[in-house]
């Protein structure tokens, strides 16, 4: 592949998108953590005479490392222009795509698995997809599409000498392969040259031919890193600004790729990938007696969840050992298992791994790790018990919070300790040995007193500073001894005497894939009617073939420039000076854009495009660099020197905002009854507060904009991913000081949004438009994942305070609730978020005396913005928390108190809007019955009696979720429908295709209204040119309002055609259209929907705020490991009031996807901020969204039917409501924790740290007895901002 001129990038250009215009492989992050850029790499093994296929993340594959290999991208698998592959077809037809940005990576992971295993097991499917992230679907339909291959056969013509690709007919669905099974001919691979050297502008890549060559090169270039998998070095170059002028790549050296088994042990070449190491260990374990393979088994256990399949196939075993001295899951096990590494310079130098951490100083350890001249690894240990343990934020593909490797050997026929080793990872700069503790324990009996002493001694020996990087100090200390306790129980000497209640502590949570739930199609719906049927997403096939075009897939434009942001490093400071001279001097740099270059408003409606004189958060855009390549722009942005002077106060948290009375808006309030009076006549009164942290959108396609200035009339066209093109148009026009009719915003699709592309694209659009205006050239502005997370922020952190008065029977008489959200530094959507929180604050409960107040705090964080659920997921946690607290106080089950206080008849909300809660009651009843809730509770209670260290919990939550916006003009929309003379129909509307299948549903609506096949109808894009003044696509309103507008247009057209149809009832559609044209009947109509006439008077605290409500109930059951804080989701049942579903497949996909996103929000997704306001969580490495392993083992979604006459076809918008169902998991966790000894303070997320530290036992007591450092002597690594 040719390289770009003036580019220093060694990283493989993802799919060559900038060179050969293959854009199927997607770039989402650049660190290998999301799997969107998965490709298949194939190499010929001259020893085995076979081709080895493995998945790889293209963003990390150095192009020089691909010499002699074949790379297959999604385009090589199948195309709509030729023939699609069954993997692509089944993923699409199983509804496994929504936004589609991750779909090519999913296809390549499954495809590569099928190349190696044509008939895979369900476990192999799950394992293959472990390194692929999806933010939309909830994973289940993706897994289901893969499982369709588990019982199918290979190519029908295998053995016939013919390829199925050559056949003209036959079912595509019945073939597993569209390409010949023998995809690569050995003759296609070039012979490997003895040595390869490639010279770039600044970098030299050298491939040695022999081991002696490698040693010579290492002697000549001692600082040159060895590069093979590039999984550690690549991210360091990209994100930590490392630079190396010389790389040495020993790929292919036979001395590094071998397994040698002898009676003394096994030697494994350091060049083996982790996947190859896994295979080798499996083979060894199957051949050797168990007593000789304890270390191997421990390694295999960790290899299953270490990273994803792609990284395991790229990363080498040797590279992992030397590159991750602190995080490595393997090093503690290898050390405990007496593994040895051979370091070679001019001679072989074997070093026991345990010796590195026991006998060497910390600096010597790091020196060995950084030398990266590890060439061999071998491990063998007999008659020792070796155990590996780890705890991570999620089960798979996550660095360990703490990991450990331990081994013990006893005196013959006794429980007297003869040898003992304990090593811990993630508690220091390198793997840490508890060597002094082990020495003191030699000769001791393996009993409870030994355990108690060991825990105290190891805590004394392993010190974690209070300001340690990564935080969670007490939790990590607790894990150190909790994992030691698991090791103590696990030992075979102890096992026969373990109390039965303790046995479950030894069992790891399994990785399961769930079954599909039942069909949800209305059996009475006519087959020929597209409405009501599970129609496939209209772009699904294009998603899976990689032919769906996103913003950065658009071809390069003549003279286009790339834009890189310059962001503030201070939370609140005065800009003293800005020096751009060094940046401008770099090659390829065209200009640096600052606030001085904004021709119009730089501060529009409170949103600042370029910081001027002062910065108000870390991550605020101070300037941008425009250059000929993104690499040049990014490098120049780093060279801009800004001098700051800090300004006080620096407000980061809600607590600090309250201290300084810092708010963005006035208070919002609703009230009914007499709250103060009611408090005088209740039994108990409880008060409390709940902290709910924020959430990152983590859409797979980061914010992307292509701004094209026109040569006349100051026109500009912007192609971008947004939920609100009109908003972008408005802000760009304001920044450029031109009328809005000069600005055209075009939006085809975007790779996920979830509210994050409502307001933010307007600001970023203005930033890019100013750059395009100044340079006069097209601007491509694609945010890196880290910049996107830093600049655009996410869901509002929330502090809820409550005072509840109730009777002893659980009836709540009075509630006074206050909400505070962390709005950040500018208004954004915070006022509307607070309004929604307040208006939805009752959830499904009637409290006769109710007051709710809400305010948005102004802080020095990037402005938080809209997010799926729009405040409801945060605010309603507070409601469910105080309901649960009331139940606890009354000694009643939470579900009973919920049912007592639920709305039961036609009523008015606290803001005096009438509604009927009947669907809510029905969903609640069905959920209780069909989930077998009460039987599950009894079973959980029985389980908890029998198990001390693992507990189960169940929770059921109801929901009353309002749809729409309380401002009527936000509900209006138009649509344009053209009928062409060949009978084809073009539909254009103001809604945006985000992932939710809006275009698909609009085709269904048009097909139904015009009574023509869906194939006749096409939707092109959303544009401010064709449909002006469109409103935002949000609040689950897309289908509601756009559907009404499309319906209106189609009905108008049919009314015009009616006289012609009446005269020729047996005619064809095309005949009627031709006749209409002959009679000069217009075949183009603008449809219009005035919108739901909603309103809210905040002075009176009343209004008809919403057009209708979505009701439902969800029940979840979890199992919690009280020793580590891990949890497993056993079952979830969701009952959603869908009224009549226009497309059950899309609606269920929305519910499932929102639910899994909600699980992330309520359990594992944690945003970490420094006390100075710096966001630490800026990548998949630091911020963990759910993976395939977070799917419930049993998962059932039921659409409950009802009537909704105000919406099109009596449907309901379901895209956002499902987010709240994740709280059923949160409260199930608390129910499980309540079964254990505990200190109970409810907050969200219920991450492993919170779960573990809530459970009280002898180990947490030990931690709390440790003398603590004076808080005034250190600054904590991170703080809570809610």
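Cβ coordinates are placed from backbone N, Cα and C, and glycine is handled just like the others.
According to TrEMBL, the [2Fe-2S] cluster 1 binding site annotation covers 34, 37, 59.
Sequence annotations record features per position, and here TrEMBL assigns [2Fe-2S] cluster 2 binding site to 99, 102, 134, 136. On its own chain, residue 134 ([2Fe-2S] cluster 2 binding site) has 102, 106, 142, 700 as residues at least 6 apart in sequence with a Cβ closer than 8 Å to its own Cβ.
The domain 'FAD-binding PCMH-type' annotation in TrEMBL covers 198-396.
Summarising the annotation, TrEMBL assigns FAD binding site to 226, 227, 228, 229, 230, 231, 232, 233, 329, 374, 390. Other Cβ atoms within 10 Å of the Cβ of residue 232 (FAD binding site) number 20 in total over all chains.
Residues near residue 754 (Mo-molybdopterin binding site) in space but far in sequence (CB under 8 A, at least 6 apart, same chain), listed by position: 135, 697, 699, 867, 868, 994, 1157. Feature annotation from TrEMBL assigns Mo-molybdopterin binding site to 723, 754, 868.
Annotation source TrEMBL lists substrate binding site at 870. In the shown protein chains, 27 other C-beta atoms lie within 10 A of the C-beta of residue 870 (substrate binding site).
Around the Cβ of residue 1216 (active site, proton acceptor), a 10 Å sphere holds 25 further Cβ atoms from the protein chains shown. Summarising the annotation, TrEMBL assigns active site, proton acceptor to 1216.
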Out of 226, 232, 390, 723, point to the one nearest residue 34 ([2Fe-2S] cluster 1 binding site) in space (Cα versus Cα); all of them are binding-site residues in the record.
232
Between C-alpha atoms, which of these recorded positions comes nearest to residue 37 ([2Fe-2S] cluster 1 binding site): 228, 329, 390, 723, 1216?
228
Can you grab the distance from residue 1216 (active site, proton acceptor) over to residue 870 (substrate binding site)? Cα atoms, rounded to a whole Å.
8
What's the CA to CA span in angstrom from residue 59 ([2Fe-2S] cluster 1 binding site) over to residue 230 (FAD binding site)?
10
If you draw a 10 Å sphere around the Cβ of residue 723 (Mo-molybdopterin binding site), how many other Cβ atoms fall inside it, taking every protein chain shown into account?
27
Which of these binding-site residues is closest to residue 870 (substrate binding site) if you go by CA atoms: 99, 136, 226, 228, 232?
136
10 Å Cβ neighbour count around residue 226 (FAD binding site)?
27
For the domain 'FAD-binding PCMH-type' (198-396), would you mind checking the mean pLDDT of the predicted model?
79
Here the binding-site residues are 390, 868; which one has the lowest number of other Cβ atoms no more than 10 Å from its Cβ?
390
Taking the Cα of residue 390 (FAD binding site) as the centre, which of the binding-site residues listed as 99, 136, 723 lie within 10 Å of it?
none
If you skip the near sequence neighbours and keep only those at least six away, which residues in the chain come within under 8 angstroms of residue 99 ([2Fe-2S] cluster 2 binding site), Cβ to Cβ?
135, 136, 699, 700, 701, 749, 750, 751, 752, 994, 995
Around the Mo-molybdopterin site (723, 754, 868), what further same-chain residues have their C-beta within 8 angstroms of the site's C-beta centre?
697, 699, 752, 753, 755, 756, 757, 758, 866, 867, 994, 1034, 1216
